[in-house]
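The next block holds one structure in the form of structure tokens; read it before the comments.
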Amino acid sequence: QGTRDHPPALVLLRDRLLDTVAACFKRHGAAAIDTPVMELRETLVGKYGEGAKLIYELQNQGGELLALRYDLTVPFARYLAMNKITNMKRYHIAKVYRRDNPATSRGRYREFYQCDFDIAGQFDPMIPDAECVRIVHEILSDLQLGDFLIKVNHRQILNGVLAICGIPESKFIATCSSVDKLDKMPWKEVRNEMIREKGLSPEAADHIGKYVQLHGGLDLVEQLLQDPKLSQNKLAKEGLGDMKLLFEYLTLFGITGKISFDLSLARGLDYYTGVIFEAVLVQQENDHMEESVSIGSVAGGGRYDGLVGMFDPKGRKVPCVGVSIGIERIFSILEQRVKASGEKIRTTETEVLVATPHKHLVAARLKLISELWDAGIKAEMLYKKDPKLLKQLQYCEDTGIPLAAIVGEQELADGVVKLRDVARREEVRI
């Protein structure tokens, strides 16, 4: 089916990942929202370019056409328009659904989590955009996945490049979807697709190729601002001005070492209007792993100033910029690393096992565990009236429970509990 079960150890590993991401979003002042898994089909269709064929379409008993959400961005735009909200910083962590060909080895599923952070509202240029790039940097640093690179580009620069190469505006989106494949395919194959499938002339494709294979930093922005043709194009000039400002702010954040201005980055979604970005892991293997885990991008996003207006009856626009973290892909890497290292992951967070060394003491155990639960302590006991002490301590070792609270006849008489450090095999009476 392209979906998966998560056994207890992996659920805990995934939840830790989600907690790390949510902590970063909260640190930046975002409020949590939630939207329905199902949307009207018309809400989703026409927003995703070539991705539209991956939308899961449904029809209810009354004939109403529905669909499962494809991402968290379009439902957010619909939510803003419905509620007439013009200013919001939000995050949303939830599952999305794509009728894709699954590739589980690359962390690609039909049902998977997305973690979105978005800033909606009319603000000065590039300040919210720089914060979104900074958030990607923070999360990937916090997760300690190894070296990574955040590619940035601008839709207006891309459109400007296509315009000076003689591409009609009606073919911009189709051509962009070909350019976006440069991270997976060599230029020769992308060029062939442009000519054979998208109807471009060989000369136009070669002209585009001179630009889209460029990548660098602020120096490349300055170089393109001096380009005799590109600097004369209004769209490209505006986009390059934005990029120059973005790099100034990212320099102040101290993160430009991980940023690459990459003209091949197009991001195939139709709704992007300005800055776009995507994060990839540079090193995806470690010394202990038998094979490299290749998973593509682990985060992406950009500016989408026109999307909210599509859902507003009066067409009122709300500028937005956001980022989505592909947690399932990151999870695939960590899962492989855990398997390779042989690390044992605890399946529960139990802090103490309540144990007894003698028979007929189930009442003492129930009384003590009730006190611990009331105090908010994570506690367990074995579901047998008279378990052997060795079996109880073995359970602690097998499941990684660090402490055993032992109450026997002598402890009851003395009004104490024997607390045992399971790993060190040391005991204290308290």
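Residue numbers in this text run from 1 along the chain shown.
Every residue, even glycine, has its Cβ placed from backbone N, Cα and C.
Pulled from TrEMBL:
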BINDING   Asp71, Leu72, Thr73, Arg98, Gln114, Asp118, Arg267, Tyr271, Tyr272  L-histidine binding site
DOMAIN    1-357  domain 'Aminoacyl-transfer RNA synthetases class-II family profile'
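Here the Cβ of Asp71 (L-histidine binding site) has 19 other Cβ atoms within 10 Å, regardless of which shown protein chain they belong to. Minimal Cβ crowding within 10 Å, among the binding-site residues Thr73, Gln114, is found at Gln114. Looking at the residues that bind L-histidine per the record, Asp71, Leu72, Thr73, Arg98, Gln114, Asp118, Arg267, Tyr271, Tyr272, the two CA atoms farthest apart are separated by 21 Å.
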